[in-house]
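Working notes, structure below.
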Amino acid sequence: MSSSLSDQALLKHLNDETQSTPEELRFSSQNPLRTLFVQSFGPLLYNVGNAVHDALDMYIISKALGERCLQIVGFSSIIRFLLRSFAVYFSQGAVSRVPSLIGERRQAEASQVITDLYRLTLIAMIFMPVVFVFISKPMLVFMGCTQEIAEECLSYLIPIICVSPFTGIYQMSCGFLQSEGRSVLNGMMQLSAFVINCGIFAPILLFWAKVQLNLAGLAFALSQIVPSVVLLILIFNGKFNLKPSWRQWSHKFSPETLVSLKLATSFILTILAGAFPPMVMMNFMMKAAAEVGTSSAVANGFSVFLKIQTLVNSFSQGFSQGMLASGSYANGAKKQRRMFLLFGWTILVTSLILLIFTPLMIFKPEWIASFWMSNNEELDYTKLMFKIPFFTNFLNSINDTVISLLLSATFAYSAMAPSLVRGAFYIIGACILYYTDKTNPRRMMYVYVINDLVVLFVDAIILIHPLKVMIGHMRKNESTTETMAAIKIP
């Protein structure tokens, strides 16, 4: 009798372990390539949509208020990007860790991590705007803006800075959707904010109300408020499979929250390495431009270059973030072979996409630059600037994918190394190129080439040990699976 009960208990346990959850169906019911495309839908819409949105936003403002605004909006977008990145940091923590917890069947822990990240998001996004109000102008002046331009940039940024708590809630909510495997819904929510901004608020404010530049940023600010509040209410009222509750806001922090923040640290380091060190390069570039009387051409051209490069690289970032969610789940579910297949497909797809842009950006960059710029002299100048970074820009696809693989397998510290190296070589390369020729601003663009090659070498080195560990885990788990499959229950 007791033996029969024991067998029934064992059968029940095995059935519970093998029964598919909704998250498992989203993350692993399809082949790796199809899963990659499905799970990349949301991140692609965010990254590509964000790049298109910023480019379109700059275009609408420049058409309404004049080409002089190119420099103002271009430089302001760097500050806006940095501020928004602190919100995305917590969202990235959710995507990096929560799918793995779901794969381990630890839904209660995953819910607490989500709640903890919301709490941290609100605290950070109330504190950071105060900091940015004081540091934005000095940063803009350091990048090469005049005092007058820096003042106008700050007035444009104030509405955006003021609604940062809503931006934080919105990005965290989208991270929740992605961590549940709801990439399509995540993408639609990201798209809705872009449409509300560029399709509704921006045209109304700029062309109908004819507001000045100091209120042009209000459209972006307003577009974040409604989606953020709606998503927050739905998530904490239990409308999704993972059910964080309002009561959990008063619970103590989960130890897994620290793990999620550690995994997301490589993301924020990548952002900082891609923003602060380039400011040193921009400072040198603007000094060199002032020496030869090309400040306007360099400032406008570099502002447009940042938009184009962000758009091109957004495809690589979108797919690598899609791979991160599905790869993290695969690692938590002990399906390392599937994680490797996702890694291989991601490198192949992203490299092909970035290589498609390479000939256009090397031989005919003015075709795209003319979307914002109409001055023929400036277009001729920027043509020579734009092509240099795109000789090696396609290598970013490898770096993005390597970082996602390391984060999927929880090698957080290894994932930080490329970002630290990239930041260091921005500064080293900029100093070398400027102090060996202080009258050639275009030459500064070779910093990107130096960085891409050095980071590729670093990626190859840091991947050696984690790969050995991951392959060892894969063989062990597959051996265990084969052993369990051979067990026969009478």
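Note that Cβ sites are derived from N, Cα and C of the backbone, with glycine treated the same way.
The stretch that TrEMBL tags with transmembrane segment, taken from the ranges 68-88, 257-277, 383-403, is 257-277. Note on the transmembrane segment (340-363): residues 32-33, 35-36, 308, 312-313, 315-316, 319-320, 322-323, 326-327, 330, 386-387, 390-391, 393-394, 396-398, 400-401, 404-405, 470, 474 of its chain, located 6 or more positions outside it, place their CB under 8 angstroms from a CB of the stretch. Within the same chain, residues 79, 82-83, 86-87, 89-91, 93-94, 153-154, 157-158, 161-162, 164-165, 167-169, 171-172, 175, 232, 244, 249, 257, 260-261 sit at least 6 positions outside the transmembrane segment (117-136) and bring their C-beta atoms closer than 8 Å to a C-beta of that stretch. Between the transmembrane segment (257-277) and the transmembrane segment (215-236) there are fewer than 3 Cβ pairs closer than 8 Å, counting only pairs 6 or more residues apart in sequence, which means the two stretches are not in contact. The stretch in 215-236, 420-436, 448-467 that contributes the largest number of Cβ pairs under 8 Å to the transmembrane segment (189-209) is 215-236.
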